[in-house]
Every structure is written in C-alpha cells, then in structure tokens.
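S.K.: Annotated substrate binding site per Swiss-Prot: LYS240, LYS457, in sequence order, evidence recorded as similarity to another entry. Annotated Mg(2+) binding site per Swiss-Prot: ASP371, ASP373, in sequence order, evidence recorded as similarity to another entry. Here Swiss-Prot flags 371-374 as motif 'DXDD motif'. The transit peptide annotation in Swiss-Prot covers 1-23.
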Amino acid sequence: MSSSSIVTSLLRPTTAADGVLPRQMAQVNSSCNIWRSKAKVGGINYFNPGNIKCVEEVHKSRQVVVAALKSLEYETEKPTNQDVVSEKMRVLSERIETMLQNMDEGEISISPYDTAWVALVEDTDGRPQFPTSLEWISNNQLADGSWGDRKFVIYDRILNTLACVVALTTWNMHPHKCNRGLRFIRDNMEKLENENEELMPIGFEVVFPSLIEAAQKLGIEIPHIDSPCIKKIQAMRDFKLKRIPMELLHKKPTSLLHSLEGMQGLVWEKLLDFRSDGSFLCSPSSTAYALQHTKDELCLQYLLKAVKKFNGGVPNVYPVDMFEHLWCVDRLQRLGICRYFRVQIKEMLDYVYKYWTDKGICWARNTNVQDVDDTAMGFRLLRMHGYDVSTDVFKQFEKAGEFCCFPGQSTHAITGMYNVYRTSQIMFDGEDILADAKNYSATFLHQKRLANELVDKWIITKDLPGEVGYALDVPFFASLPRLEARFFLEQYGGDDDVWIGKTLYRMPYVNSDTYLELAKLDYKKCQAVHQLEWKSIQKWYRDCKLGEFGLGEKRLLLAYFLAASTAFEPEKKGERLAWAKTAFLVETIASQQLSHEQKREFADEFEHGSSLNMENGGSYKTRTRLVEILSNTVSQLSFETLVAEGRDIKQQLSNTWQKWLKTWEEGGNLGEAEAQLLLQTLHLSSGLDESSFSHPKYHQLLEVTCKVCNQLRLFQNRKAHDAQGGISDLVIGTTFQIEASMQELVKLVFTKSSEDLDSITKQSFFAIARSFYYTAYCDAGAINSHIYKVLFENID
C-alpha cells in the first residue's frame, strides 16, 4: 500500500461511532479532508516510504486528537451561554473600538471651578462673555448646595463651591443658589483641617486664598475665616510665593502657568509669550484670568472653543490628548485585552510619536512645559512598540541622581515615580540615566510602602498600593502577561477612579467600566480553556504514568502555568501544550540518574528507534518506556501542527530534541539547550515560516536568549544552594550578568531595523527568557499563590 493511500485511510472521516459530537466531528473532518485530498495527489510527504512505524504514530495521534476533543467539556456544557458571552464580548469590543476611533483632544469631565473663572470674563460691553458658562453653573448645583465631583473630597467641594458662588454673585444671579452654597461652606469648612493633604488639588494653597479675597471684595461673608485650617493654607501660600522668583516666572515657561489666577504682580506682556495654542498650560481658569487682564484674542479663541465643546462648562485642563492616548494604551495592555485593538493602539502611538519632542511631553501636544509622568509613560510604550526614543528626554528631570515631576520642583507624586520606575526597567545597556532613575524611584517607592504612605496627589484609584506593590515585587522581566492582567483586574477601578487636578476630574476613555467588563469576560474565557487543558494534560501525565519517573503533577502544573501565563490566547492551544509537555519532559529526563553510556543509549534509541540490550532488566525497560513517551509526544505534537497549520514538523522537531539530548548526554549547558528546544518547539508549533529560522536576527536572538536562560538557570540553582547554606557572593555577581544580558535581549526585541523579523516572533524570545527569569526570581510561596490566582481563582 502506498504512503498516500495509507494516509487517506488513517485520516478517514470521523463519525458518531468515534464518540464525538457533531460539532467536534466537523472540527476533525474539516482538517482531515484537506490532508486526504493532498495525500491523493501526492501533496503530502508526512513520512518516509516504508517507515510504517510513522504511519502507526499518525494513527495513534489521530486517536489522541479524537479523545481530546471528547474531553472538551465546554463543547457539551451550556453552549448557549458561550454564545451569549461571545456576543457580549463582540458588542463590548465594538463599543471600545468606537471610543478609540473617536479620540480627539480628550474626553474629560467638567470643572465647576474653571467654569466659574470663565464665567467671570466680561465682554467689551461689560456683560458676561460666556453666558452659557453661568447657565452651566446654575444647572449643576448638587443637592447639598455644593458643586463638584460625585466623589466627596472636601478640598474639591469647597473650592468648586466658593468659585461658583463668586461667579453667580458677580453677575447678581441666583441668590438662593448662592445662599445654599454658602451654607455648605459654613457647615463643612472646618473639615479641611482633617483632610489628607495628598488629596489637595494642584495649586489649591495658592488659588484658594486668592478666591477668598475675591469673595470678600464682593461682600461675601466667608465662614470660619479665622480658623486654624484657613490660616495654615494662607501660610502655605505665602511660603510658596516667596520661593517663586518672579523673574524666573517671566523668563521661561514653568508649571506655574497653570495657576496664574492665584498670583499677583504679573507682567502680562512677558507672560503672553508663553501661551501654547492660545492657553496657559492648557488651563481654562488660568487662561480666563489672563483674558480678563489682557483681552488677548488667542486666549479668547481658546476659551470659545472649549466652552463650545463642553456646552458651557470647561474642564480643569484641556486638551489632554497625549495623556488620554497613552494611559488608554497602558490600561488596555495591563488588562490583557490589547490584542483586540492592535490597529487602534498603533494609531494612538503614531499620534503620540508625531508630537514627541527631545525634551519629552506633557498631557497635551505642543505644550512648552513637560512633566516626567507623561514623558515616562510615553517613553515606555513607544519603546516597547519599536519606536526610536532617546533617554535624553529625562535629563531635565534629573539633578544629582534625584528625579522630579516638573523641572525645578522638589515634590513628588507616587504615580509619577511609579511610572519612572516602570520605564527604567526597559533600559538598554549603557543607559545610565535610566539606571539612576531605577535606583531613585525604587528607593522612593519602597520607603513610601514601608511608611504606609502610598496615597497619590494626582489620582484616587481603587488600589494604588497594590499596583505599586506588584511592580516592586514582580519586576518587568518576571511579569508574565496573564499574571499582570490577573492582578490588575483587581486593582483597576474603572469608572470609579478619579483624577486630581485643580479639581477632581474623570477620564472616561482611560478609566472605563467597559474596558473592565470586557477584560473580565476575556479572562474568564481564557481561564476556562486553560482549566480544561490542564485536565487534558493531567490525563496525558497519568496515561503515560509519568509519575513513575520521579516528578509529581506539581512540576507539570508549573510548566503549564508558565506556558498559559504567556501564550494565553485560546487560539494558541498548540503552542501552550507543546511548551508545557516539552518543558516537563526535559525536566523528567534530566532528573534521571543515568551514566554517560546510558544517556548515549537513550539518545540513540530516540534517534534510531533501536532496541536496547535488555540484560539489565527493569532499568532499561523504564528508560525505554520514557523514550517511547517522548517519541509519541513528538509525533502527537507534529500531527496536531500538521492539522492546524498544514506543516510537517516531525523531522525538525525530532532534530531539535536530538540536539538537547546530545547536550544532556555530554553534560553541557542544559539551560541554554532547554531554551533553544522550547523556542524552536514553539516556533514549529505555531507554523512559523521556515525562512525565519535562517534569518540573521533569528540567530542573534536565539544566541542571546539561550545565554541569559543558562545564566538564569545557574542563578536559580545557586540560589537554591544558598538557601541550604551555600555561598551567596556568586549569586550576586550572576545577577549583574543576568541584568546585562536581559538588557541586551530587550534591545534586540524592542528595536526595529529595515530587515527585521516580525514583532510576534521577536516577542517569543523575550517570553521564554521571561519565564526563566520568573522561576529564578520568585520564591516557591509566591509561585504557588500565582498559579492558584491565575489558573483557578474566580474573578468577581
């Protein structure tokens, strides 16, 4: 019988007699039909002529596939519910796509405080320049008489309410609303004394006393004006203003442009040179104050545009396009759903890169002041997506090894230093300023965590201590994608997160329940697939009686966890199972206590299928059975790739295993050999084009990845030895080598060249290195908790 006819026979249509349900039959038959037709015309050369053993292996593999399909419980359990979930995910994805496509200059909530300053502007006839702003104030008083965000922070409510009362009183409008506002101020002013100063809005200590003075000039009686908390705020203003050299304020743009309405003695002729797009650092209140004093046409046009867009109200800062684009990408990535929006993410990052400068960026394009928070976030995301960015952007934020949020400032925000720390971890070798940034930000964050002071002055979020803690405890090189997503699903507050500017504000395209809902559904879907796969891989372990070779299911679970936490997408099933089974078989074989001669015979039997001398009885039988398990697994993985990808990888996969066995036999670098085996198994299983294997960049990535994986394996072994009383000096030295090698790998993965591999292939090298780093870095307790959390813990 010809090989083609044998294939045609073995790949016969699956029927109900095989115990497979209709949908499963269709899955098998659709693939088998292709290969039957190819076999008939000689279009498939799956095995060498005359090698009937390969035919039998194909048949066994086919039976395994059918059995695996029968074990997929989700095929028989609640198919209707799956359809409902899939439809819901589709609707949510389309909704998010619409949001991302409609990004312009930033979706942001309205600030009553800034709207009040705009409402104070009078036209050339002495009437309100912006009557719709007064109308907005009138229509948006809260039930308790205050104005402000639904999140109650007394600084925010008092500032907004007093500003709105001043605006309405100035135009002699709605006295009853003014009285209700003053009643709220009277009843709540003393609460300022006990509020956390980290929640104080930007510039509050400067603008609030000035607002009180403006109210008093209108005859508004301010309750508790002599209270200790008011005197303290006034003292803070006096101290801050004394530290501000007025000549510097008029000499170059600084962050003080954001709060001009709280300052006196301003020389407007000089300050007008510091406008950007008609505004003073994108602040409507600061720009409105300038317009009152200068009648500048560009300031007027900026405010007209903002008032029109927001229907009378204005936000505390606008535009916020750079901020919105970057933080949106960051949230989508950390939630684990960025793969659904690759096109939109590229468009967003292209937009940011278009306005990127050699000094960094701020929250809006074309600003003349930059901040370290937006710059760090932009640098990190751009670098990770292959854009060419220079570390020189951080120079203006550094002085003597210390880093600040704005040039010349000495205060810090937790999130600012948090983003600096995250960015510093993707440094390339020789980028000293990022090394300094990493040391400084890590020390700062560790100290804040120890002091239980992880409260930010820029955002009120669900679990900032959790976000910072994860970053400190699980460095970027160890942060497996699904592990990060699982933690962030609990830390992300969605719509409830609120930002702190001059007032509290919200960014619906950054903090969105829609993102969170899709992310949870996606995670649950993937987790269900992973749990079913774990059952199937347990069955493989038990059917093969692999426990008899000394390694328990716990080691198998770790191997599967590493694969599922990295190649987590449902469609990557083949890669996951190939990774997990390969890693476990490597560990199982390496754990056998065999002589050099026995290792050679093991490798020979796998390569040639020869029968070993049975004179030593059980030892040889056991080893022969392990060879058989290895051979069958290679055949199974090859067949599954044949069906899924249309590629015959049997010979290549066998050759890859032979290389590893040769290294094992000769006592070579097993960490390096295992990394190469895992990488090539992944690439073969994914159907990677054969030309990629000979690409110069492929060989370069392979060399560096294998080197660092070997270093990590040695480090892991030495760390284990150290725990038993070994020498630790060598471990410290190895760590420096590892970091340098990881930086070398990161540079290869994250930089683009004219003749380059595709990004997905390059990322796979980093993924394997990351898995080695994870097991070397994290202790057993952390790993066990991560496994449970990622694979088995339910999501609320």
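Cβ coordinates are placed from backbone N, Cα and C, and glycine is handled just like the others.
Each of the listed features needs to be described in terms of its position in the shown structure.
M.R.: The Cβ of LYS457 (substrate binding site) has 20 other Cβ atoms within 10 Å, all protein chains considered.
Summarising the environment of ASP371 (Mg(2+) binding site), the number of other Cβ atoms within 10 Å of its Cβ, over all protein chains shown, is 22.
Here the motif 'DXDD motif' (371-374) has Cβ contacts under 8 Å with residues 255, 322-323, 326, 360-363, 394, 397, 403-406, 413, 415-416, 419-420, 458 of the same chain, all six or more residues outside its ends.
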S.K.: Where's the emptiest Cβ shell within 10 Å among the binding-site residues LYS240, ASP373?
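M.R.: Counting other Cβ atoms within 10 Å of each of the binding-site residues LYS240, ASP373 gives the minimum at LYS240.
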S.K.: Taking helix as H, G and I and strand as E and B in DSSP, count the residues of the motif 'DXDD motif' (371-374) in helix, strand and coil.
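M.R.: Result for the motif 'DXDD motif' (371-374), in helix, strand, coil order: 3 helix, 0 strand, 1 coil.
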S.K.: Taking just the CA atoms, what is the gap between LYS457 (substrate binding site) and ASP371 (Mg(2+) binding site) in Å?
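M.R.: Counting only the Cα atoms, the answer is 15 Å.
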S.K.: Can you tell me the CA-to-CA distance separating ASP373 (Mg(2+) binding site) and LYS240 (substrate binding site), as a whole number of Å?
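M.R.: A Cα-Cα distance of 23 Å.
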S.K.: State the three-class DSSP label for LYS457 (substrate binding site), counting H, G and I as helix, E and B as strand, and everything else as coil.
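M.R.: SS state of LYS457 (substrate binding site) = coil.
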S.K.: Can you check how the pLDDT averages out over the motif 'DXDD motif' (371-374)?
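M.R.: Value for the motif 'DXDD motif' (371-374), mean pLDDT as a whole number: 97.
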